[in-house]
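Written below as structure tokens is the structure these notes are about.
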Ligand SMILES: O=C(CO)[C@H](O)[C@H](O)COP(=O)(O)O
């Protein structure tokens with residue numbers, strides 16, 4: 001029997017909240033990924049952050065559409081997929097077919113980015129744009145009115161468990177200001193990399209409203225649910 005695909009949940013369909021928590025499964029125990037994901041889902045996560053790496057755009061490989069498809073039945077939460085790929089345009093359809101609800105691409109990646117963003121929308125998903133720590137905020141300016149979310153990386157993309165780069169905080173503030181200047185203050189501003197109880201407050205004060213948390217959630221001493229509640233309690 002063929003399963004009916006779940007209706008897409010672009011991030012614009014999220015219920016209004018001051019803060020959204022997006023556990024990054026890169027830090028989950030892959031030998032029991034379904035269990036970890038289920039705990040994050042029942043523990044209060046708002047979406048599931050999935051990191052896709054091609055070993056070229058970043059010096060690491062992670063997972064492909066097969067893994068996304070395998071975990072799709074585990075939770076009804078939206079799948080927020082971060083494409084760390086040199087040529088993201090080549091892989092949109094497989095990830096959307098596997099269950100992605102949102103796709104974020106890098107401003108440094110190759111291709112006609114406005115056309116890629118339009119294709120993400122045509123496939124029924126919301127779209128995001130992100131940048132490496134060394135790329136200035138202004139590089140996003142041409143795309144801010146095309147996407148629903150901006151992701152600021154507070155580590156060099158490619159590996160989980162790295163230290164938070166506090167030098168990226170002014171960039172978060174600058175991007176929030178750019179959103180306001182365009183009358184788009186309701187946009188999602190996501191931060192990813194080293195986010196946990198010691199760093200989340202600064203990120204929120206700088207203007208973020210979506211926290212990606214990998215190690216601080218999946219390796220938390222008191223469990224996944226406790227870590228998510230702790231982050232949520234910060235606002
Ligand atoms: O995108 C990533 C790495 O490229 C990870 O999502 C990010 O680093 C989260 O991991 P952690 O919370 O452990 O830092």
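Along the chain as shown, residues are numbered 1 onward.
Placed from the backbone N, Cα and C atoms, the Cβ positions cover glycine too.
A TrEMBL annotation is a machine prediction, not a hand-curated record.
For the divalent metal cation site, TrEMBL records 49, 51, 82, and the single candidate of 185, 192 listed with them is 192. For the substrate site that TrEMBL gives as 82, 158, 159, 160, 161, 192, 193, 194, 214, 215, the extra residue drawn from 13, 24 is 24. Checking each of the binding-site residues 49, 51, 82 against residue 158 (substrate binding site) by C-alpha distance, the shortest gap belongs to 51.
In the three-state DSSP scheme, residue 158 (substrate binding site) is classed as coil. A straight line from the CA of residue 49 (divalent metal cation binding site) to the CA of residue 160 (substrate binding site) spans 12 Å.
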